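Feature annotation from TrEMBL assigns FAD binding site to A:GLY14, A:GLY15, A:SER16, A:ALA17, A:VAL189, A:LEU340. Feature annotation from TrEMBL assigns 7-chloro-L-tryptophan binding site to A:LYS82. If you look up TrEMBL, you'll see A:LYS82 marked as active site. Here TrEMBL flags A:GLU349 as L-tryptophan binding site.
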Amino acid sequence: MGETEVRRVVVVGGGSAGWIAACRLAAQARRIGSGVQVTLVESRNVPTVGVGEGTWPTMRNTLAKIGITETDFIRSCDAAFKQGARFVGWTDGTAQDGYYHPLNPPAGATEIDLAPHWLHRAAETGSFADWVDYQAMLCDAGLGPKTIVMPEYAGHANYAYHLDAGKFAVLLREHGVGTLGIDHVLGDVVRPQMSDHGDIVHLELADGRTVAGDLFVDCTGFAARLIGGVYQVPFRRCGDVLFADRAMALQVPYEDEDSPITCHTVSTAQEAGWIWDIGLWTRRGVGHVYSSAHTSDDAAEAALRAYVGPAAKGLSARRITIDAGHRTRFWQNNCVAVGLSAGFIEPLEASALMLIEASMDAIADRLPRTRAAMDVMARQFNATFTHHWMRIIEFLKLHYVLTRRTDSDFWRDNVASSSIPDGLAERLELWRHHSPGPQDFDHAREVFSWPSYQYVLHGMGFDSRQPRIDAAAPDTALAQRFVTRMARAKDDLRTRAPRHRDLLRAIREHGLQRV
Amino acid sequence: MTGITPLSPAAHRGLRYDRHAAGGTRRFARIGLSEIAVAAADMPLCLAKDGQTGRFNLIALMSLVEPANLFVFGGGFQATYVPRAVMLGGFRLDARGAAGLAVDPADPGLGEAGEPLFAQEQPTPLAHDIARALERLVADVEAAQALVDAWAAHGLIRPLRLSLSKADGGAHDLAGLYTVDEAAVQALPDADLIALHRADRLGPAAVLTASLAQVERLRQLHNARFAPALTGYSLD
């Protein structure tokens, strides 16, 4: 078994996760000429969940690796640009309560930490995000992160996307089958044939066919047919930390074809959860994430419809159950879970697609050549992604624990110390004395790095007792230089950056160039 | 651009066209397919993106640092070839105008000197000739656009970094220029290579890259008129 070469990879499931996984594997096999054959098995009878309409900037790299042009992606998936998130009503629920978590890092992030300088001058400088970076201005003004003359996947600001998940899966399938040579098998998996060592040898389909493989990627969504159904890997729930267990979504048309398209996710706090609002080319996607222990489905739907207003009339809401948590292991024997089969939590920071991409970076770019190498890979993968899940849960919880809202049980329960992970509580105490920095984390590669923590902490007015800045210190002058340079860039972009919808229209009409 | 108006005897009765003064401030000009070989005899040809569409346009470069056309001095255009877009820069096609033209009164080729555009309230033969030349130019530029689009579709375009050294120790970089990627041309699959050759897409590509030697001509023209002198340049 040990020296058996990994030549056949079978992806089970045809949603976003399945097709991203298959395309990454097939594109990498072509790039290095490994000869690995990728098969994707998809049931006609299992609808895809289609969650995850927001990406991280990592998606640009993923699409480029797969070989899909940004122009085709934007045209095919009704995609729009996303430059971060604005959290409304999370701190105290007052009318002026809102802050940005932009995708740009603070100015000079590799050379200086601007946070203590902002804290020193907070009274005169406005919000943290606006003082250290220009992207909040772009979002407020509805301006795009690039211009039509910039090459594919490049911008004057860091950016991600909002997309139609169903159309994205179709694009990936057409590219994967038509260009990358993925073998697409339509059929219902009935049972696996197992080896003596506990590996999956092949999958039996309902029509009697079999699909053999050396590695199986479980992208079967919440069903987790292989990692859960076959291997019975336990599921670790985190409902005691993150209370949201339901979501309902509406697809809201624009008032007219020239309506502005918001260039960031708007996340608005509610009595027992929060509402996402994202802009695509053709429509808005609006959804309410909530805790069923703190409100009823009917009340949640009423809150969602009240948020949307008259445009919600006649629209039917799609309901999703969230079993928040993740597998205790993701890779077992020759099976690795990617996507919802690995875990799921509320989409507060759009982590669903990012985790698929990160998983495939680890799997496709380091595909074990032999079965023996697979066990080492599996151990590393499990350790890495267990850590990632822990950190993601902590980071999402950060948005809740800093609230000063006391207007409902949901918000009161969220600050109960029993619901706060030990690691987060420990770091919060540390961050009372200095702003989050790269040395505050165990791993060099964190999914959420220190700027993200700074944007949330300082956006929510975290009570910090940092020492005063010496105005005469060299770093003070350096900080001022970065802030001044950033302010110039902000002024320039305010006049030069295109309106978001105009940019999308130009891309759809003319396309972007590769260089 | 905002001053462009349909040509009319009421507004432009006394307007004249001086071909020798045309293009004095043009730093570059779009050229048509038939102009590639002749323009390359004087000017570096390269590509630049259209600000509205992002598509690559084929242009002839006529300036390096100063906002002036280095070929225009001594009372005329000092080159073996004048791009048609330079000669006709003061005119646009406009069905509402006399002879089917609109004019940009700010263009240095239009004024009180030169040949008349009207005679006894009627457009002169010159005005009609200009309209026909503009129609040919539009078609020729469209043909060039198809050529450039074919290069772009095959991934044969790369950024061109043009950096100039000045005698005062400074440097000046020209941004936003592109050229044909010779390495990408050489790496083309055989079938694509033959198809492009048969469509006459590769000959012009070779002319384009060879024309970059004319940057030296621009440097010499610059040094004859402006200070500080340009001591050298690099193309990457």
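The backbone N, Cα and C atoms fix where each Cβ goes, and this holds for glycine too.
Shown here: features listed in TrEMBL, placed on the structure.
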| residue | record | Cβ within 10 Å |
| --- | --- | --- |
| A:GLY14 | FAD binding site | 25 |
| A:GLY15 | FAD binding site | 26 |
| A:SER16 | FAD binding site | 27 |
| A:ALA17 | FAD binding site | 32 |
| A:LYS82 | 7-chloro-L-tryptophan binding site | 27 |
| A:VAL189 | FAD binding site | 22 |
| A:LEU340 | FAD binding site | 26 |
| A:GLU349 | L-tryptophan binding site | 23 |
Item checked: Distance from A:GLU349 (L-tryptophan binding site) back to A:ALA17 (FAD binding site), taken between C-alpha atoms, in Å -> 18
Note to self: How many Å separate the two farthest-apart Cα atoms among the FAD-binding residues A:GLY14, A:GLY15, A:SER16, A:ALA17, A:VAL189, A:LEU340?
What the structure shows: 19
Checklist line | Helix, strand or coil at A:GLY14 (FAD binding site) [DSSP, three-state] | finding: coil
Notebook entry, point to check: Three states by DSSP: which one describes A:GLU349 (L-tryptophan binding site)?
Noted result: coil
Check: Cα distance, A:LYS82 (7-chloro-L-tryptophan binding site) to A:GLY15 (FAD binding site), nearest Å?
Finding: 22
Next item on the list: Taking only the Cα atoms, work out how far A:LEU340 (FAD binding site) lies from A:GLU349 (L-tryptophan binding site), in Å, as a whole number.
Entry: 16
Margin query: Spatially, which candidate from the binding-site residues A:GLY14, A:SER16, A:VAL189, A:GLU349 is nearest to the residue listed as '7-chloro-L-tryptophan binding site', comparing Cα atoms?
Written below: A:GLU349
Notebook entry, point to check: Per DSSP, A:LEU340 (FAD binding site) is which: helix, strand or coil?
Noted result: helix
Notebook entry, point to check: Could you tell me the C-alpha distance between A:VAL189 (FAD binding site) and A:GLU349 (L-tryptophan binding site) in angstrom, no decimals?
Noted result: 33
Checklist line | Cα-to-Cα gap, A:GLU349 (L-tryptophan binding site) vs A:SER16 (FAD binding site), nearest whole Å | finding: 18
